[in-house]
Every structure is written in C-alpha cells, then in structure tokens.
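Below: one structure, written as structure tokens.
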C-alpha cells in the first residue's frame, strides 16, 4: 500500500506541487533486512560458476551510457511505470556480474567512440578517430593503414562457423559498428564522397564499401546509412524530394544493389521500412540487410512507429534469424543515439534511448538462455552528465532541484551538464528555467556540442564465463573474455592442455552434445532426440 504526501516546495516567487510517494512498509526495518537476505541468497548461488561453452554471444553497447546515465535511466523507467523510480531495476541491473572498464584511447585521456570500439571489439587499444587498426596507425593518414589492421570478435565468430549480426540505431557505418568489420584511419570516411582524393589514390577504402567487402557474408545488418550506399545525387527511396538525403558515393556504385544480386539465391532480403521487415518470416531468411534511414535512425521519442522499427523489434528479428545456426551466433547491438542525445544537451532523448535499449536487453533474454549465451552490456565512454540538487524521492528525473541558488536566487535543473548547448544567458544573467515549458538541461560551459566524459563505465554480464568480467579492467579485455567463453580465435582455451568440457545445447527440437578437447582442437557434435537437458562441465 502506498501513501501519498503533498510537499510544497518554494522556488523563488513560484510554488511547485510535488507528489512524493512513500511505501509504508519501508518504515519497517524488517522490510530492508528481508530484502537484503533475499539478495544474499542470490549472491551465494553465484558460487556455482557457469563454465559452459558460450554457444552464443551478445554485446549490447550503450554509446555514451556512463554510470550516471544508467542510474537516471533506471529512475525514468520506473517513473514511466508509475513508480518513484529509484527502487526500479533495469534489466541490466539483474545481471549477476558487474565490472568497470577503463575507456581511455592510446592518445586520449577522454576517448571517442572509434578508438573505444576498436578496444572492445578487436581487443587492442587504439588512437582516437580510428577503427579496426592498431595504435601504429595515425588518424586521417591513409598510408599508415596497411599492416596495422586488427580483426574483431565478429570476424573471429564468423571464421568459427557462427552466424553474426550488427544492429544499431545509428548508421551501420558509424564508429561503433564499423570497428566490427572495417579498417579505417578516419571514422568519418562513411563513403568515398567523404574521403580526400589523396586517400582514394593511395588505395584506402571507405567504410560503407568495407561493410560489404571485408566480411561479405555478415548474416544480419540493420540500422541507418542508406545514403552512403548509393551514387551521388541518387534520390532516397523514402525522401526523394530532400537533396540532403541523396546518395553520396563518387564511384557510382550501388552497394545495396550489389548485395541484393549476390544474395538473391541465398535467401537474402533487403528492406528499408518496418512493414517490409515484419513481412519476413525469420525461418525463411538467412541474410538480412535493413537500412531504415539515409543516416541515423530517429530518436525513440520521435520515431515513426509505422515506418521505422524500434531497437527492440530489430533485435527480436535478428536473434530469430541468427539462432537457426546450430553453431551459435555473435550479435552486436548498439543503442547509439544515447550519445547523440547527450551531445545535443537533450537528456530526455538520451535517457529514453537508454530505456529502449534496456527493453531490447529484456527481449534478448527471453529469446536466449543463460546456460549457453554470454550477454554483456557496456558503454564505450561516458558524458559530462550528472543529476543532483538534493531532489526528493520520486522527483521527476527531468525536474527542477527543490532549492534555488543561494548566489543568483534562481532555480536550476536537477540534470546538469559540465558543458554543452544548455548554457544560456538572458540579459547577462543565468536563464530562469522555471519559466520554460521545454527547457534544455543547463550546462556550466557554453559549447555547441557537449563532450564525452573520461571516467570508467560499467560492464554487466551474465551467462557462460561471465564471472571473468570482474573488477576494474582495461576496455580491450572484453572481447578476449568473449573469445575464451566461446573457445574461438586464438583464445587461451585453445591452448589449455588436458582439459575437456562438454555441454548439451538445445537447438529447436533436437539437442547438441558439444565436446571440446582443447589439446587437439577437436569439436564433436552428437545430435540427440530427447526432451531432457543435462548441463555438465568437467
């Protein structure tokens, strides 16, 4: 039972009525003790480590999702469900293991999304602005590319016979997804139309081209980025009258058309809208290319629900296609517009993007099993985003602090940015945000675009070998844990001697007995017709 208390807060000359909800049982010390005991029992169960083979690997990457963003998204999720918010659990909060990731680039204390993507996908730290190349490569210098390429966990999984996929709310050739397949010294070389002539003459390839050439059989690709795939001035299929969405390629190639021709006899389908996506039966699709916007997908709050799929909907389709492979799959999922919302000083957009990614995590959990699927949720970097001001329990996460400044006698937003477009002066003084219906979160330093933060970010994990993601780790450690859990690439598990692991994995109507004998690199599959599953490790 909940009791409603009315609290009157004085903000200068204005009064705000804020409803604070207190749960009556929280007054009882026994309530907190019982809660702690339940949590303790769950913690004790974690002593039985999951050392199964990771048949499947899913990485959820919240671009710019620092710890303050996670906390604020948790509160928002609860408030969207009519709760206070603070006591709510995100799906990622339920994961049993949490670590911290050190995000710096080799040449940057505060990183960018390209160098960090190279770390958590390719397993090596790299320079800011570069993807899929080592720190020996220099940003924007084409001639430093060759010989410094590094491959990703996505390629390792593909080479091991697994299906692989990329799902993002940004362009599919944006910084995060591009590190999974491209080797490029400049993250902004989306198409050859964005490349300098010197780089083209020296043989460097744009990122969109590399998407289709470097790993030509990526099973699922979904996101935005259509304009990078078509010849310059080609009208967009969805916005034919808007020149800013026209194709950008100088080489005259139609990369979508080339992909369609190559996949037409391989049960491959190209879609550009939600209706076409939902018309497909995943059981009849082996390859899927979905490009739903000319550039990035719209924010979740602005999404046309008739034409553009949500991140959750894309993840649902992707897993249903990928999981048909009896050897398993690797899936990279990016909630990329969390970052964009923060850069714009639009905390509301950023946090709703984070909540949507959490919905996608929930959906993925329903479609997979912790016994054979390693799921990791993390961020590439943080932002200079925070919230405070001694707000009361249940205060709207987007609301004002309950006090006014004792310096200029004006209210301030609970959410604050260290810098960004939210810095505003009116007649030489700080803006009175209480007079604005749709205000921007305030910032301390004026910038046209807010910046990244340099603090550690969280790593949430569950499934086989998830316990290896613990403590404070370098960011490049993440894909090495994934490779070890799945026993792919040159992982340590392949070098261990006299160690045999076997597990039984359910695949639709049959079971697969997977035996790994590491000293001989031998895999043995035995299909059983049975409804009973025994999971055993030796």
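Placement of Cβ uses the backbone N, Cα and C atoms for every residue, glycine included.
Annotated active site, phosphoserine intermediate per TrEMBL: 113, in sequence order. Around residue 113 (active site, phosphoserine intermediate), taking its Cβ as the centre, 27 other Cβ atoms fall within 10 Å, counting all chains.
In sequence order, 113, 170, 176, 334, 335, 336, 337, 338, 339, 379, 380 are the residues near residue 63 (Zn(2+) binding site), counting only same-chain partners six or more apart with C-beta under 8 A. Residues or ranges marked as Zn(2+) binding site by TrEMBL: 63, 339, 343, 380, 381, 452.
Annotation source TrEMBL lists Mg(2+) binding site at 63, 174, 176, 334.
Summarising the annotation, TrEMBL assigns compositional bias 'Basic and acidic residues' to 240-253.
Annotation comment: TrEMBL describes 232-253 as region 'Disordered'.
For the pair residue 381 (Zn(2+) binding site) and residue 174 (Mg(2+) binding site), the C-alpha distance works out to 15 angstrom.
Its own atom aside, the Cβ of residue 380 (Zn(2+) binding site) has 31 Cβ atoms within 10 angstroms in the protein chains shown. Neighbours of the Zn(2+) site: apart from 63, 339, 343, 380, 381, 452, residues of the same chain with C-beta atoms within 8 angstroms of the site's C-beta centroid are 64, 112, 113, 338, 342, 379, 382, 383. Taking only the Cα positions, the spacing between residue 174 (Mg(2+) binding site) and residue 452 (Zn(2+) binding site) is 17 angstrom. Cβ contacts within 10 Å of residue 174 (Mg(2+) binding site), excluding its own Cβ and spanning all protein chains shown: 28. Cβ neighbour count for residue 452 (Zn(2+) binding site): 22 (other Cβ atoms within 10 Å of its Cβ, all protein chains included). For the binding-site residues 343, 381, counting C-beta atoms within 10 A of each C-beta gives the highest total at 381. In terms of DSSP secondary structure, the region 'Disordered' (232-253) contains 3 helix, 1 strand, 18 coil.
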